[in-house]
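For reference, TrEMBL has these:
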type     : residues : note
COMPBIAS : 101-140  : compositional bias 'Basic and acidic residues'
REGION   : 101-153  : region 'Disordered'
REPEAT   : 165-206  : repeat 'WD'
REPEAT   : 224-256  : repeat 'WD'
REPEAT   : 265-306  : repeat 'WD'
REPEAT   : 348-389  : repeat 'WD'
REPEAT   : 390-440  : repeat 'WD'
REPEAT   : 441-482  : repeat 'WD'
């Protein structure tokens, strides 16, 4: 009899978590179960393999229990058992349950027959009444047509304004535009990052990975299905001359715009979940599953300082200025640290669940955080407790972003707004001066994984597991553009001009949308 090994089962569970969007759980299982060392070829395993496997097991049990009954017909309806019955009972008990439920079902059918006869009589009466009404209509006036005002239809982006970048062999979990040019970087579970050159104007349909427009940054030599080399995060330096990538193998790598590997930074003992350049470009900050954050001296190609304050994996990091930064973790804590200081310069405690994301406002005065505890919070360096506790979402909040408006931004006279994206399928906009909800953007059907403001602060793009990118006008909260792809969306981002939006998908593609109002 064929049996499944623990290695195979671990891999199926790992894939299920990854496909369901439970990224951090997948990373943790992969790390502890040594998924990177297993010999299973991930390309041979179809999507939803675990669900299919369990379903087939349940169907087998159900068939066995039903067809073992002598009075079972070949065309019997196998809906007498629930999945929980199949999991918790043996075949003998299942057969007994089926017999009892069949008896009960027969009684129900007899009742249904009686009801059906009564309904037929009622139908005959209704026909007679309808005939009477028709006669009355012929004599009297027609009823008025009541028109329901149609809701404003979002403008679906035409295929001629969409560029599909193909080449990755696994889901694409990160993308970022160069702050200075027309280069777009993407990072994938196929152990590569790619730098795409996006020409002015928009190519029609798909764009193949020819040598002229894409550079492949391999994180492993040769072909491999090692999950340890997954590219989990990436970030350009301020000048757009260097791209940093973080990987599941715990290494950060720095690449030039021509695809050359400039340096490999090794010290972490677990996957890197977040990495950021400081504005000056002399330090790179990494946060890892090993519970530590490291500031790297890029020029010297060595670590400057390791910060070991958290008791759980670090999920996000963000610079406040060139020397201080915030970190968030699964331990519910947020620390503000400074290069050269051996202890945190600020500790923010208040969340009751994993803190998924931390972001400083453009002026570096307020820190926003969001958590699995269904809240977002605003913190200030001037006090210990949060300034505002934002509780309007109904499920975990995955990410948030500040608008590029207000003090410290390129649009200083516009109102500063915070956007939060949640597993409840909504995006919410907050007035941070008073800590109140401005509006809720309802247009997705599944968890929203990413939001990004346009450079002028007038629009917000959101990407969801429902395969849709929505672009919202912040003037009235309406969807002005919409695009539906062929996979869940992990990240959306705008180019510096604000006329293109990039998005990375679970179906191994990156899309570039032409956005011109």
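Just so it is clear, glycine is given a Cβ too, placed from its N, Cα and C backbone atoms.
Beyond the repeat 'WD' (165-206), the same-chain residues lying 6 or more positions past its ends with a Cβ under 8 Å from any Cβ of the stretch are 18, 23, 42-43, 159, 212-220, 224, 226-227, 229-236, 238-240, 243, 245, 255, 257, 259, 487, 490-491, 493-496, 500, 502-512, 514.
For the repeat 'WD' (348-389), the DSSP counts in helix, strand and coil order read 0 helix, 20 strand, 22 coil. Remote same-chain partners of the repeat 'WD' (224-256), defined as residues 6 or more beyond its termini with a Cβ less than 8 Å from a stretch Cβ, comprise 14, 27, 30-31, 35-36, 40-43, 170, 173-181, 183, 185-189, 191-193, 195, 217, 262-266, 268-277, 279-281, 284, 286, 288-290, 296, 298. Summarising model confidence by region, the repeat 'WD' (224-256) averages a pLDDT of 89.
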